[in-house]
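Only one structure is covered here, and it is reproduced in the block below.
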Amino acid sequence: MGQIINGKEVALKVKEEIKNFVNNRKEKNLQVPKIASILVGNDGGSIYYMGSQEKVANSLGVEFLKLTLPETCNDEDVIAEINKLNEDNNIHGIILQLPLPNNFDEKKIIKQISPNKDIDCLTFESQGKLYMGEPKFLPCTPNSVITLIKSLNIDIVGKNVVVLGRSNIVGKPVAQLLLNENATVTICHSKTKNLREVCKNADILVVAIGRPKFIDETYVNENAIVIDVGTSSFEGKITGDVDFDKVIDKCRYLTPVPGGVGSLTTTLLIKNACEALQENEY
């Protein structure tokens, strides 16, 4: 039987680092990190995530400002708020809750976020630096994947890694981070032929396709490390892209959902805000 990778335990270690950083600054009467989060409309998922981000930030001593705009506003209203935050030296990180309502130009609005405060790595400049191997901030979900793999003290160099999914939020950036670690990376998607065989040859399998319980035991080998990034509602429960009960008996390591990648993502977002504060001081 495989071992479970506990994302909550890894997150606790990072949280301790953040707490120490914030407490040290408070003792020296220095500024503490402050994050601004913008919500447009009333999407239930975005409201939940913003609340979760605020809760974690407050528990670590990081200030968190919530800005809520009605769906009846327009692109320029959102951009005006972003520009204010860009100019505010007391704000170190800006989060734009996505997706925006359909009547907004998401790309146009994202472009307005200062790269120095883009702790979610959304802007073209941030993503360009990532693909050039010189990221200012690491995108949080892909960084969670890498952090969990490294927590196993396993050398990624030369490993055969299969990334299932090619989204701009997870698939592509996690593949780039793995390339930066000198892994041999294959990206698979809905048009990939012989998908089961490709996945089965992976030393590390990262699954991010948004299809609950898609990966079963026939997709993995007994030495595989399987990282499940998916989160879907399935039969009234939050479920990953991997059929946990079937795969845990076949692979070497597996992240659960919930309790895996998602447990670490918000913590790493807040860590990015700490790094932004430090950079702005120099």
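Heads up, the Cβ atoms here are built off N, Cα and C, so glycines get one too.
Here the structure is a predicted model, which means the values were calculated and not measured.
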Swiss-Prot NADP(+) site partner of Gly165, Arg166, Ser167, Thr231, selected from Ser144, Ser151, Ser190: Ser190
Among Ser167, Ser190, Thr231 [binding-site residues], residue with fewest other Cβ within 10 Å: Ser190
Neighbour count (Cβ, 10 Å) for Gly165 (NADP(+) binding site): 23
